[in-house]
């Protein structure tokens, strides 16, 4: 491959934007750059210049293509210096480098106070913001946190701050100076302090000097990555490596004893107290330790284990399944052989429907034969990864990093308060905060979402320490403050009540600010736009133009610091509309320091005492990918893939948690529960850990089966006993490299469906291992290559697979290495203990610029993103397809059901919204059936019963066709006076009774081993009929339209509940919104009711009544109506407020059905002109 071209810093004079700022005490003023072009945002320095971070346009030759390989590097200029202690090539020897003790904090302060924008064929720019919201926070990690003003005359920038938010002085004279002025001072030949006029002398006695790290250049970063991956390249077959099973065979005992201040031997060993090896919990200090800890036993303890279902329940369950399958086969055989000559059409339709129902039941039942439960041991996890050990003497956390993705698209349907509470629950999660990063994807590019996130970041400085201090559960403030019961239960601190009252008051103010943001943004934008119109009017008058000529002043949306919002405007403008805006990244909370940062006692600014609480916060980033009208952005899947790439550049956590904006962390230990599986023996073969979805705000009777407990507690537990549960869109922790499309380190090949049918499954299964120990290492760095030609071929394929980003490609092997379990005895593909205890590098401007590049709309062109890599495109249910692709490559997944719910969210309790939700799911299943993601075409790595489960995912909507016909059969039987069998003999009744009894017994056993209730099972059966006769039927129709006619399918977002519905929490349950999906169930109900009346009256007035046929028809009609009862109840509304259209449709259908019956079967002694219609 050709060497990548290095872009340069784009300065004002090439391209810049109009920067609006508000002078203190004045009105908005307009400052224009020297260039008329206006394409993005720039960083305004103290001297008035603007700096953007992008490729130099002169080097691009005018047009940028996806084949252009490059990496982002900012060269040294008089306005931007490398923050290192060494001189760089190309820089003037007179330019003095910045002190390493200040470089890290200065650059990170700049990054967190800058909003970066850019995209395809535009310059990536950083705009330094004075403030992000009207009321500023004071946490040191918070973006645009308030601070003292720079001491340089004419500069209003904020002075340098350290990790505690205190002032940082580069000079002994303690002269306040901002980052830009400091760089300008170092760029002068004298390099003197503007305060004392002396040469800069950084005080060496600063106790925090050792914690700062200089920012590395791109070449240094690449070299550092090479050093990190040296273990991978040296791990050749047969070599003695730290990652092999003999990881501790070459352990240097002497060095370890020296570092831990111990002596060799068990009889006279003195174990150090400060590292926790001696008992320090109280009592008399004897000067001797309690003995060396048993590290070998620790490595043998499993982090998770299976809890099989009791054989007393599972064996009868499997036996009943076999019995019911046999009875169904005998019954269908009997039904085929005994037709009804009086009503062959009725008999034929019923036979076809019953055969399909039996086939559908078998597809649904077979994957349920091996359900299991799982348990985790969080104590062992803490012992192995967060306790002192020879490889980790300080006991720092050796857990891998986790990046949390929260997706949002429309703040009108997804309330910002709900999203803010989700973010707060993530920031307060019980996980090493330096390993945790949170990313919000705002696919709508809304300023409302941006400022709401800023408010949430500001409130987190109070909420997160409060949760840590008092061990709060749940850590969603809205849910916590609405809990019923005694809040002091289990709280031991005497100041809990006082702290809770103060935090509650702050949260109420936070809610008021969030709910008032739309009006605040509108008023602010109206004021600025009015001022701009006045300025334009005055300019028009001054240059002598016609004052009555209409002005073309854009109606912009303005940020709190008086500048244009680079995303979507309320009134869409050029490059500022929905689907047409630049990419945006803002670091709301800077990465935390490596060392714990304790708070301060209670004061006017600090409302609670946090002197013994770590007040650091996880990194929080706002991301809005670039959107342009001519590109297909692939909805939610495209947004998630943009987050995958940008997070790989910025934090590169080896694991990713995906949450919807209305799903929050209910159990703060949920991430640790997932790590128990990933870090356990065999965890390197797991692609994701799926948690069940639990919902709040559902009516107590769960009228429309919103909890969906049968799926989450029965089907998903059963799939966990096979190859793993399906991915359901949220509450899932992914392995990053599994999303990149790589194969697992080990997998098995299983006989396919046809091999099982033809050969009886006797074909020997092959256990396949990759040709290399780790596929990622070989593909990216040629770690263990067979030939140089293969290595070059792999390298040439990387841009096609992942895109032209050297930084992203370099991050892949690091994520793969960090995601391995520890190299304990018996663990394959492990990593050495203590490898993840080092501090991560601080963010710099070039890193954010590269992250902007990978979220541009062109980046995925001619790559495998959405095809093999990341979330898969082409289906409205991208979650199921993404999980299927991973299982198809041989990966396994785990279903983690925790004692305390891991996550909770909201569900639509309105009938219409619920039907539209089910319609979207069913349509995605139809798309899967007609695509290459059909399980029939799966690879041999997919287990047989797992294949059956995925096949059922694509087939179940088609059951609606047969269900619709079968629901009309009882009514047709009553209308015609015939039945599906010639006569109700004892054989038919025995078969029917056996099938019904076995079904009920299976339901009872499922209730027993899954933990659900009979009421929940019955609600699921009812809504299966409701959805099958409405949404599923429409999904099949839409699927055929897409396959045959190519009609694209689009859906609107499901509205999320806000929780502010007044006194009635379930007011939305009684709202009736008319939808065409309601027509088939209404027709079925009216038809069966009329048919019961007609059939009964016929038998009463008949000369020779046939009561057996009447009883059979009425029984099945009542069964249909009982399943549709929740639907009928939902149409009634509240207090008789049924919409008029329901009465219109009911009356119209009744008249139509009556006329059709008179036309089909006229009364005796009359004739129907124009020919009659008769059934054979």
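Every residue gets a Cβ built from N, Cα and C, even glycine.
Annotation comment: TrEMBL describes 1-58 as region 'Disordered'. Under the heading transmembrane segment, TrEMBL lists 309-332, 344-363, 949-973, 979-1005, 1082-1101, 1107-1128, 1140-1160. Summarising the annotation, TrEMBL assigns UDP-alpha-D-glucose binding site to 407, 413, 414, 443, 635. Per TrEMBL, active site is recorded for 443, 879. The feature Mn(2+) binding site is assigned by TrEMBL to 636, 660.
Overlay of TrEMBL annotations on the structure.
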residue: 407; record: UDP-alpha-D-glucose binding site; Cβ contacts under 8 Å, 6 or more apart: 441, 443, 636, 639, 640, 643, 658, 659, 660, 661
residue: 635; record: UDP-alpha-D-glucose binding site; Cβ contacts under 8 Å, 6 or more apart: 876, 878
residue: 879; record: active site; Cβ contacts under 8 Å, 6 or more apart: 727, 728, 729, 871
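Sparsest Cβ environment among the binding-site residues 413, 636 (other Cβ atoms counted within 10 Å): 413. The Cβ neighbour count for residue 414 (UDP-alpha-D-glucose binding site), using a 10 Å radius over every protein chain in view, is 23. The maximal spread of the UDP-alpha-D-glucose binding site, taken as the longest Cα to Cα distance among 407, 413, 414, 443, 635, is 16 Å.
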